[in-house]
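S.K.: Shown below is the structure under consideration.
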Amino acid sequence: MNRPPALHDGLSPAEVAERIAAGRVNRPPRDGWRAYADIARRNTLTLYNALVVPAAVGLFLLADYRAAWAVAAMAVANVALGLAHELRAKRHLDRLSVLGEARVRVRRAGTDVPLPAGDVVADDVVLLAAGDAVVADGSVVAAEFLELDEALLTGESDPVPKAVGDPVKSGSVCVAGGGAYRAERVGAAAFAHRMAAAARQYRHAPGPTQATLDRLVRGLTAVAVGLCLGYVALHFVRGFPAADLVQMVAATITSMVPQGLVLLATLVFVLAATRLSRRGAVVQQLAAVEGLAAVDVICTDKTGTLTTGRQTLDRVVAFAEPEAAVRGWLGAFAAASADGRNKSIEALRETLAAGAERIDVRDQLPFQSHIRCSAILANGTGEPRLFVLGSFEALASRFPESDRAAVEAAWRELLPTGLRLLAFADGHGGADGFYGRLPDIPLRPLAVVALRDKLRPQVVDVLAELAAQGIRLKVVSGDHPETVRATVRALGAAFGGQAIVTGDEWTNSTDRVALAERCDLFGRVSPEQKLALIAALQQAGHRVGMIGDGVNDVLPIKRADFGVAMGAGSQAAKAVAGLVLESNDFAVLPVALAEGRRVVQNVRLAAKLFLLKNVYTVALILVAVGVCGLPFPYLPQQVTLLNALTIGGPAAIILAGRAAGRAGGPSFFADVGRFVLTAGAATSAAGLAVYLGSLLALGHDAETARTLLLTTLILAGLGNAVVATAGDRRLIAWAAFGAAGMAAAAAVPPVAYFFALAPLTGGQWASVVIAAGAAGVVSAAFNHGGGFGGGSRSPAEGGPTPGGPAASGRPPPRG
C-alpha cells in the first residue's frame, strides 16, 4: 500500500504525547461530576420524595414522632439504595465499555500499532482492512480498491468507493479493499460518539419491563395523590384533626407508591450483566438483559458462529493446468488480493502465498455478496489476464460447454463433504478495469478449491440447551445448501432431517411467513434475504435474535429484536449488537438467554408482591374510610412493618434467586395483573372482614382493630409470596420468620409501642389466622403453579419443544 511520504511513519511519540496533553484524543470527555449529579438528582428529586418528605416534616411538627421517623426512614432508605445501586450500574457499564471498545491499527513512528479506538489522537494515520469500522472523521490518505459501507450513516446499502483525499465519517465500515485515513475530528467532535460509542456509555435507558414499571409508578402516584386530595375534602366535611389528615397522607403515599420496585429491577439487571461479563459476554446496555428474555427464535449464520470461522485448505482439484501451477496462481491471487479479512482468502494466503509469483495488479474487484466472487485484473505481456475466485454457481455460466461438465462433476462430488467449495478461473481481454462489476468475458476453469471449517466445541450441546429453553434455532447461511446440509448432518438430530430452503425458493415463495415458520434451514441466502426472513418471523409474532460476525450481518443484526455478535467478528457487527460474545464461546449463548429469562421472571414475581398491596390498600381506604367513615386502616409506621415483612424480604429473596425462566409466556400485565387482582381481591375481603368486624361488630378500639388488620395483611401477604413462587422453600422459611416476627413485634413492649400494636388474645390470633388462611387458599386456587406465566410448563417439564407440534402453531404474544 502506497502512503504519502509525509505520513509514511505516522506521528512520533512526542507528537502523540502533545496531542494527549491537549485533550485531542478519540475518547469523549468523561461525564465526571455531571453524571454523578444527574444520578443524585434522579434519586432525590422524585415525585415520591416530594410527597413523602413534606408528610414527614408535618408529622414532626405535629409531634407524632413515631410516624415521622418511620416515614423519614423510608424516604432516606429509598434515596440511599437508589444512589448506591445506580452508581454501581454506572461503574459496571463504564468497565464494560473498555471490554467492548473497537480496536484499530494506527501507524506511529513507522510501526503499525494496535490500539483501542479511544486512544487514537488527532492526525493519527489509521489503517483500514475489510471489516474495520471507521472510528474518527477524516480523509483518505491511502486507498487500495477501498470501499466503505455507509448504510449506518445514509441508509444506502451500496458500497462507496473511496480514493485518496475523499472524506470518511466515523460509523462507516470498510467492506472491501484496504487503505488508511487521517483522523481529523476525534472524540466528541466525531460522529462515532453519537452512535456506537454512545451506546456503551452509561445511560438511564430502561427496557420494556422497566418502562412499564415506571408507568405503573406514575399511575399509582396519581391515584395516591387523588386519594390525598379526597382526605383534604373529608377533613373539612368531617372535621377530624389535622394530625389524622397528615397520618393518612403519609400512610397512603408509603403504601401506594411502589418506588422500591423500579430500584430493585435496576439492581437485578446490573447483577445479571455482571454475571454475564464474567462469562465473556459483554452486555452493551442494561436494557439488553431484558431483550435476552423475549427471544424465542434465533437466526444464525453457519460460518463463524456454528463453526470456528478458521478455514484451512483441504484440497485443490485442478483443471486445464497441472495442480502445482494452479496452486501457484492461487497463492499469487491470495497474496495480491485486497480482501484482507476474507476468511477464504486468508486460508489460501497462509497455505499458498509463500514463494508464489507476484501479480502485477491493474485493478481489483473485492468480494461482494451480491456477485459472490472477487477478481483481479493483472497486466500481462499481451492482453490483461483476469483471475476470479467465487462460487461455482456464480461463475459456471461463463465456462465453456466443454469444460463445465467436468468442473460440475467434481463440484457435486465434494458437496456432501460439507467443505466450502469455490471455483477458480481465468480469462483474457475485457475492459481495462472493473468499474464495479465483473467483465462479461468467457472464463477458463482452473480448479475447484475446497476449504475446511470445524464446528465449534459443544455446539451440539448448545443446540440441545436452546431447545430445552423453548428457543428455535434457524441456520441462515450464504453457503450452498449441500454444504449447509453436511454441517447439519454433523449436528446430529437437532434439525430432524428437514429440507433446506434456498434463497431463490424464498424469493419466489408466495407465503414467506408460513415458510419462515415451517423451515429452519436456509442456504444461499443473501443479506437482503436475511432481512426479509427476520421481518417475516417478526410478522408471525416472534421475538427474533440474530447472531452474526461479518459486515454483511450488520443490517440483519440491527433488524432483529436482539442482536448478538461474536468477539472475533467485525467491529461493525459488534457496534450494533446488544450482546457481544467477546470470548467467542458459543456455549455462553444459552447461559446468557437463561440469565435474561431468569431476570425478567424474578422482576415479575417481585412486581406481584409490590402491586398486590395497592389493590387491598385502595379497597380498604374506599370501603372503610370512604363508605363506612371508619378510622384510617393503618398508621405510617405500620406500613413500614408491612412493607418489610411482605415485600422487602420476599423481593430480596426472589431477585437473588436462580430459578429457570422460559421463552414466550403472557405479557407483563397479563401475568402480573391476574395474580394481583385475584390475590388482591382475596386479601381485601379478608382484611375488610377483620377490620369492619372488629370496629362495627365487636366494638374494639382503633389500635386493636388496626393490629388485627395489620396481622391479617402480613400473614396473607406472606402466604401470597409463597403462592407467587409456587412454594419456593426459601419463601416458606421467610413466611415462618415473618409470622414469628409479627408475633414478636406485638409481644415486645418497646416495639409494640413504636408500631402502635395492641396485644392480641388467643381467639383474636385464631381469627386472623383463619382469615389470612382463607385468602391464601383462594389466591392459590386462582394462581396454581405460580412462577413465570402461572401454571404453564416448561419444555423440561413436558411442555412444547421447538420443532414439535406446538412450534409451528400460533406464536406467543409479543407483549
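Numbering starts at 1 and runs along the chain as it is shown here.
Cβ coordinates come from backbone N, Cα and C, glycine included.
Whatever TrEMBL says is automated annotation, not expert-curated.
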S.K.: In TrEMBL, which of the ranges 124-145, 278-299, 586-607, 762-783 has the transmembrane segment annotation?
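M.R.: Based on what TrEMBL states, transmembrane segment spans 762-783.
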S.K.: So, does the transmembrane segment (762-783) come close enough to the transmembrane segment (672-693) to give 3+ Cβ pairs below 8 Å, pairs being at least 6 apart in sequence?
M.R.: yes
S.K.: Please indicate, using numbers and ranges, the residues of the same chain that are 6 or more beyond the transmembrane segment (614-635) and have a C-beta under 8 Å from a C-beta there.
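M.R.: Same-chain contacts beyond the flanks: 66-67, 220, 223, 227, 230, 234, 238, 244, 247-248, 251-252, 255-256, 258, 642, 676-677, 679-681, 683-684, 687-688, 691-692, 695-696, 702, 705-706, 709-710, 713, 755-756.
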S.K.: I'm a bit unsure how to read this: which one of 216-237, 249-272, 641-660, 705-724, 731-756 has the highest number of Cβ pairs shorter than 8 Å with the transmembrane segment (45-63)?
M.R.: 249-272
S.K.: Mind checking which residues of the chain, 6+ beyond the ends of the transmembrane segment (731-756), have their Cβ under 8 Å from one of its Cβ atoms?
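M.R.: The answer is 66, 70, 635, 637-638, 640-641, 645-646, 649-650, 653-654, 703, 706-707, 710-711, 714-715, 718-719, 721-722, 725.
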S.K.: I need to check the long-range neighbours of the transmembrane segment (641-660): which residues 6 or more away from its ends have a CB within less than 8 Å of a CB in the stretch?
M.R.: 74, 254-255, 260-261, 264, 267-268, 271, 469, 594, 597-598, 601-603, 605-606, 609-610, 613, 634, 710, 713-714, 717-718, 720-721, 725, 728, 730-731, 734, 737-738, 741-742, 745, 755, 787, 794, 796
S.K.: Six or more residues out from either end of the transmembrane segment (249-272), which same-chain residues have a Cβ under 8 Å from its Cβ atoms?
M.R.: 46, 48, 51-52, 55-56, 58-59, 67, 71, 74, 78, 81-82, 85-86, 88-89, 92, 207, 209-210, 213-214, 216-217, 220-221, 223-224, 227-228, 231, 283, 286-287, 289-290, 595-596, 598-599, 602-603, 606-607, 610-611, 613-614, 617-618, 621, 632, 634-636, 638-640, 642-643, 647-648, 651-652, 655
S.K.: Six or more residues out from either end of the transmembrane segment (216-237), which same-chain residues have a Cβ under 8 Å from its Cβ atoms?
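M.R.: Same-chain contacts beyond the ends: 47-48, 51, 245, 248-249, 252-253, 256-259, 261-262, 611, 614, 618, 621, 625-626.
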